[in-house]
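Taken from TrEMBL, the feature domain 'HPt' covers 1-105. Annotation comment: TrEMBL describes 403-603 as domain 'Histidine kinase'. Here TrEMBL flags 591-732 as domain 'CheW-like'. Per TrEMBL, phosphohistidine is recorded for H48. Here TrEMBL flags 342-361 as region 'Disordered'.
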Amino acid sequence: MSMDMEQALQAFITESRELLEDMELALLGVRQEQDPSDAINAIFRAAHTIKGSAGLFGLDFIVDFAHVAESVLDRVREGSIAIDDDVITLLLACRDHIGHLVDVAAAGYTEADEPLQAEAAPLLEGLNRLLDGPAAPVAAAAEAAPREALPGGSLVSAAPAEIQRSADHWHISLRFGSDVLRNGMDPISFLRYLNKLGTITGIVTLTDRLPSLEAMDAESCYLGFEIALRSDASKAEIEGAFEFVLDDCVVHILPPFSQVAQYIELVGNLGVADDGSVLRLGEMLVQCGSLTRRELQDALQRQQQQRWQGPEDVPLGELLIEQGRVEPPVVQAALERQQQVKTLTAPQSREGRPAEGQSVRVDAEKLDRLVDLVGELITATATATQAGQRVQSAALQEAHSMLNSLVQEVRDSALQLRMVRIGGTFNRFQRLVRDVSREIGKDIVLVVQGEDTELDKTVVEKITDPLTHLVRNSMDHGIEPAALRLESGKPAVGTLTLNAYHDSGSIVIEVSDDGGGLSRDRILAKATERGLVDPGKVLSDDEIYQLIFEPGFSTAEQITNLSGRGVGMDVVKRNITALRGSVSLASQPGVGTTVTVRLPLTLAIINGFQIAVGESVFVLPLESIEECVEFRDDTGHDYTELRGQVLPFARLRVLFSVPGTAGNRQSIVVVRHGTQRFGLIVDRLLGEAQTVIKPLAPMFSHLRGISGSSILGSGQVALILDVPALAARAMEQAGAAFEALGATQF
């Protein structure tokens, strides 16, 4: 496979996965639409595009299955098949199967294995049942049919169920006008002439326009044909066979899949007209051979008519795809080539930036490499800055200041490239909620809020599994069955909410349900039974709820597919902690439960604040710091009073066993994590610095209170503090004193 085709295949894989996501969302929401026609059309277009594009690469195992699904969707569009829950469930399963087939293609295989064929069998049976036909084999090729003679002695296959495109066959759809016979034309003569351009390998005679015998006019033509032609002729030459009846017939010519691949390659060599201007889209498609002049003129006239009928201007490429004139990958290739030529020939702006609205797909590994290089640049800049400070040159220090500013802009731009909307992750749970609801017999709806909130793609990739468990847990444990909800005055339908927002340099994700809430006494009894809590010990509600995250803890009385095995919430906490995040839980009996996950925006580079204890340097995320004040009132307790409020704190020297003794002057850094506020006692404040986060070696990964490391400009290693862990430590140390003081809120 050539490099261009390999890139095109990767583009097909990516586009197919995006279309399948859109297809799933449309299927899940189609019943909620007052007018579902737009959603149904979107579902059909997704299946049609995947089928057509798969054929370009000879992926017949995708084409064959998608074709059957597309046929059902076409009936749904027509209204002959009702879109009920059973149909949606079947189509969702078909969507999953197509996704599995795309994964097979992505792995480099050209056919499905036996397990996938077995997976397809019941789906095809269900689809064919909807089509009122027996279950057909997946293979598209029809069995050999009897052969019959056309006038003139040419032999073609008798009509199969339908004519299918393939890698080496043109598909010609021909509908003669009613006046063809009156004008002296013989429809069969066109077939004879067409046979001279190649070999007609299949014909279907269409009789759907035949009237009753009483209404039939002997001089009118009611015929149509679907033709499979093997030929080396161009599209224009094939269209020329119908030159004398083009004004009185409808003809659509679809090229072989192999020909479409050639169109894509030819488009790559076009773009500039003889006068130096950029070729228009229609002209590019004509020159590469995928569109004829007549088809272009018809499309332009149609575009003009639609422009008169409404305010929206339909793009030519979209119109050609809708009419079936040109395959979507060819139009996409032409548009991309057109944009490339515009970029190369257009004068650059003063800043050298492309025009607004342009976008380009970049491999994620390249973005990761860019961020890594920016991290190295930050470290090198810090080293140069420290060296410049020793020289005591004003000019050099000014240059370093400008360099630092530019590096920070580069850093922000590089990190922004990795930011993605969390809405894509949230929307995946629509399917999960639907499937689990049916499995456990509860009616639950998912409400998504804050879907435009952005965070690092690496965080998104690693948070999906923990969120999945939290969603499942809320549905199984949190939301009651409909009968119990009605008894307590709630609506029968339960509500699960996913919400995301930014707060103090972090992203907060909330998983909430309107269920029965947690049973405080039940959790405490189970924890006491397992030896997690001493009998008779008094715990606050928050402390009791945190027991849920202990390994092996479960209050489920029965083991199900979703819960009761004692494995889950502890893993959720461990995975979130590994992302330098924290998880907390709040619940109100009879009202519901909310699990709050707090995560850093990025795992690569942060704005840090450097502090020192003895000779050791530590880094805190700048966004988590409220203020720094001189620490004087050292009474030996793990709390102090700051502006009339009790502030718990932790001594970093004691916490990390830093050698030496504290100096005469110490500072307390006031840190906020969510609703928690605490202090850290340090020797010196070193100031702000861009910080490149390096992971800890496996042997140090168990250290509590440390989330990573960074290399300073001096070459010294600084430890990055884990704010959630330090917050918990400070609260633990000061807990007894707070109870004695009667303090319950900080």
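Cβ from N, Cα, C; glycine included.
Listed in sequence order, E70 are the same-chain residues at least 6 apart in sequence whose CB falls under 8 Å from the CB of H48 (phosphohistidine). According to DSSP, the domain 'CheW-like' (591-732) comprises 20 helix, 78 strand, 44 coil.
Under DSSP, the residues of the domain 'HPt' (1-105) split into helix, strand and coil as follows: 90 helix, 0 strand, 15 coil. Taking the domain 'HPt' (1-105) as a whole, pLDDT averages 86 in the prediction.
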